[in-house]
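Data first, discussion second: the structure below is written as structure tokens.
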Amino acid sequence: MNRWPLLLGRSVVAAVACVGLGLGLSGCFTERRNEGAQLYATHCASCHGDQGQGLERLIPPVAGADYIAQHRAELPCLIRKGQKGPLVVNGVDYNQVMPGHDDLTDSQITNLLNFVQQNWGNKNKPYTIREASELLQSCNGSDGQ
Amino acid sequence: MRITLSASTSLRTLALGALLAAGSLVPFACSSKKAEEAERLPILGIRHSEPTSPTDTLPDPVPNFQLTNQMGQPINNQTFAGKVYVTDFFFTTCPSICPKMQSEMLRVYKAFEGNPNVLFLSHTIDPGHDSISVLRDYAERLGIKDASRWHFATAPQDTVFHLAHAYMSGAQIDKQAAGGYSHDGAFALIDSHRRVRGVYDGMVKEQVDRLIADLPKLLREEQTQQNVAAK
């Protein structure tokens, strides 16, 4: 008979704990969710534009870019090691040097790419960190972080 | 009593109003004639010589220069005679600020498209890599078909660094910086008397907006001078 209030009490405590934990985690997740956008603004926007629009025929766009969808598996290495030589994006040829970003961890590259893959008209499959790390093995680029 | 009070108050208000109105007329009377002069941009630049008198405060004009543009044509101060121009320092492989800078410069270029009195001059600070054909390719990719209004110029590196200093722009070799050079994204506005009339941060949209707003002021001043000279 006495167990019910006790149980109720426990579940209330548990619920409060869950809410507390949830708030803490959601705070954490919120930051991570914006990490991709923040990394883009810091590392990419100066060249590729604040809306991913690129610059004329000099810098390719990442917004609505077929290259992003078609070269999905190559992109983690492209971010870490950079890019050199001609490439075609949306039927336009570009030939600029893109610097590598050794300073970004696997998870940062994942968040950055997921932001690009799912914004500005791109609706492509996101990467898991594990997947990005595996893809980075091919250029000896994974740091396991 | 009440009536008197309110009457005196309204009288005071009236007097105050009149005073204010008279006061506001004074600056109006002065400014109506000064309005055009107030629009003049400052004269900036670096001065090397001692002033010869207390009123001798003008900075040195932009020095003589000999450059080669993206079409392989020689350009010098005469190329910009009777014109105003906007200048900056960049290099084509610059991985950091240049694309942003040049996209802002392109915005200024487009704002004055069709105006033959506004020219543009971008100097490469990496002449070793940025050959004439590299500069031409860069210009074409940016949408600049010919060098009639926007010159992408090269010269020996020390010449370019010396010019950057005269244009109040920072540019130097820096092994630590991405791309091997450190430079600021300054845009300098030069009048037809080789004087720097404005320096703007090409990385900051608001400052480039100010440049776009300043250009017509300078053009009006140039036009006034030409009219005076023609008389």
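Placement of Cβ uses the backbone N, Cα and C atoms for every residue, glycine included.
In TrEMBL, annotation is done automatically, which means it is predicted and not curated.
The Cu cation binding site annotation in TrEMBL covers B:Cys94, B:Cys98, B:His183. Taking a C-beta cut-off of under 8 Å and a sequence gap of six or more, B:Cys98 (Cu cation binding site) has these contacts in its own chain: B:Phe90, B:Phe91, B:Thr92.
Feature annotation from TrEMBL assigns disulfide bond to B:Cys94-B:Cys98.
According to TrEMBL, the domain 'Thioredoxin' annotation covers B:56-220.
Residues or ranges marked as signal peptide in TrEMBL: B:1-29.
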Neighbouring C-beta atoms (10 Å sphere around the C-beta of B:Cys94 (Cu cation binding site)): 27
